[in-house]
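Notes follow the structure.
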Amino acid sequence: MNRAPLKRSRILHMALMGTPDAAGGPEASPGKPFLLRALQIALVVFLYWVTSISMVFLNKYLLDSPSLQLNTPIFVTFYQCLVTSLLCKGLSALAACCPGAVEFPNLRLDLRVARSVLPLSVVFICMITFNNLCLKYVGVAFYNVGRSLTTVFNVLLSYLLLKQTTSFYALLACGIIIGGFWLGVDQEGAEGTLSWTGTLFGVLASLCVSLNAIYTKKVLPAVDGSIWRLTFYNNVNACVLFLPLLLLLGELQALLRFAQLGSAHFWGMMTLGGLFGFAIGYVTGLQIKFTSPLTHNVSGTAKACAQTVLAVLYYEETKSFLWWTSNMMVLGGSSAYTWVRGWEMKKVQEEPSPKDNEKSGVGV
């Protein structure tokens, strides 16, 4: 059965409120033993955690390491997009050569499609750039708090664009997140480690993550609904758009003066960062496939908690009780919002429609 085309308001609602597609449920094969399915889920979640946490620590090293002293955040982001584009094209060629061994969509650069994806690419560039700039100026431990307002922007944009109201309990969860964010900023300032620049970039990154979800839903039909095609076009567009930024901001000149430009270690770490950037998209989709979108959000929240603890231990930092409270408020508010949205969606699905009520009243 063919699906009816989604209205723009419905697309925006799905993107902003996190409503999963009907076909995007968890992979629950009744034929598989419970233990095997549990092991698969555990492995997928483990891969997501390792990839995501490793990518954050590696990017922090590339962006703000005293041993590197590389002040070119736009170039680091550009190179990661370049690696992702080349990996997509390479896997596409490999799939064409070995159709039985590798499954990957056929990728051919179409300028018409690239233009259709361009609005999303601009938002995508802003999102990954602000993410990296936030990570450059703030510590890994504060990174999750610094860019924790994505959920709040989802609710705000859903009201501004859709006039969609949000339940009291969901708003209460957002209030907890905002409170945790401000308490975290206050405690970072009290400890003398607050970067207003990094915090501003974190807020902008949160806004761009919400906008990216909206534009992704709108642009997917242009690439036949393929996330890999969208990833390819997004990163190719980003590489082209980054080039004038590298010239205008003087990063190419700074790169030429970089002492470790010929170092194999430097380019190895840069390439590894690109590999993690490519892998995070795959393992995120894999986690959603084997669990559900809501479980993915819960896993992401737990991962953020583990990442914060690891960062404090790794960098040998000492944090106050109120600082930890701010993190718990952000993580608790995010978990509460995820639970409330899941409960509301389940309630809507279980409620009978007016037509069903009429049928049951008439009888057979």
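Even glycines carry a Cβ here, placed using N, Cα and C.
TrEMBL has this to say about the protein:
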TRANSMEM  34-57  transmembrane segment
DOMAIN    40-334  domain 'Sugar phosphate transporter'
TRANSMEM  77-101  transmembrane segment
TRANSMEM  113-130  transmembrane segment
TRANSMEM  142-161  transmembrane segment
TRANSMEM  168-185  transmembrane segment
TRANSMEM  197-215  transmembrane segment
TRANSMEM  236-258  transmembrane segment
TRANSMEM  264-285  transmembrane segment
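In this chain, the transmembrane segment (236-258) touches the transmembrane segment (113-130); three or more CB pairs sit within less than 8 A of each other, excluding pairs fewer than 6 residues apart. Over the domain 'Sugar phosphate transporter' (40-334), the average per-residue pLDDT in this prediction is 90.
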